[in-house]
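Chemist: Have a look at this one before I ask anything.
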């Protein structure tokens with residue numbers, strides 16, 4: 001387990017739990033195991049990404065089943081969005097794995113911080129516009145498939161590089177495009193299964209996965225996924241959106257600093 005002592009192992013388990021909660025309650029969450037593995041262990045960048053990404057397979061499956069049970073993945077628009085995200089994830093994730101060997105940790109950390117901060121600002125703008133036009137009663141809608149595909153491909157590449165599952169970026173981007181919060185969360189769970197599976201195969205081929213550490217993070221993450229799903233259905237949509245903005249704005253400077 002790469003010589004990790006008891007305290008860091010406990011912290012990794014806690015981050016796994018919180019990450020799981022974030023994945024299904026807000027979208028951002030999958031980045032927490034990556035951050036923990038990067039800061040609490042001596043793993044290389046590729047080992048951090050590989051070990052983190054493998055934990056998202058089971059989390060994505062459990063999350064998808066949960067949102068299927070609650071009905072979001074039974075809706076035609078959500079299923080269509082999820083399918084497009086999954087297909088392009090199979091293309092983008094391997095590209096991200098290759099990029100992992102070419103992009104320095106510092107440069108990519110700064111880029112990711114900029115992306116996360118930009119998504120938060122975009123989501124805040126979307127919420128303000130919704131509040132200003134609430135009297136028109138215009139419904140939320142899924143964007144054209146080409147836009148969904150572009151979002152999915154970009155997120156899959158980023159996910160392949162740093163080992164996140166995808167919902168961290170996909171959910172706020174879909175919400176900013178007009179997709180309801182719970183449907184965004186549901187579609188992103190399906191995408192994360194493909195990203196995590198393709199990422200696991202790729203990084204395993206390079207021997208870049210620490211399986212014991214993956215278990216330490218991944219098992220609590222599964223429990224967190226179910227907790228987060230319940231939270232997502234207990235809080236009002238408006239509350240979820242503002243919580244998501246706060247989480248993203250908090251993550252952005254940390255990512256830049258830790259790079």
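Placed from the backbone N, Cα and C atoms, the Cβ positions cover glycine too.
No curator has checked TrEMBL annotations; they are predicted automatically.
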Chemist: TrEMBL tags one of 189-210, 211-232 as transmembrane segment - which one?
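Modeler: Of the candidate stretches, TrEMBL labels 211-232 as transmembrane segment.
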Chemist: Find the member of 49-70, 82-103, 109-125, 145-164, 239-257 that has more C-beta pairs under 8 Å to the transmembrane segment (211-232) than any other listed stretch.
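Modeler: Comparing 49-70, 82-103, 109-125, 145-164, 239-257 against the transmembrane segment (211-232), the winner is 49-70.
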Chemist: Between the transmembrane segment (49-70) and the stretches 82-103, 109-125, 145-164, work out which stretch tops the count of Cβ pairs under 8 Å.
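Modeler: Answer is 145-164, with the largest number of Cβ pairs below 8 Å.
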Chemist: Sequence-remote contacts (6 or more beyond its ends) of the transmembrane segment (239-257), Cβ cut-off under 8 Å?
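Modeler: 22, 25-28, 31, 35, 109-110, 112-114, 116-117, 119-120, 123-124, 127, 171-172, 175, 181, 232.
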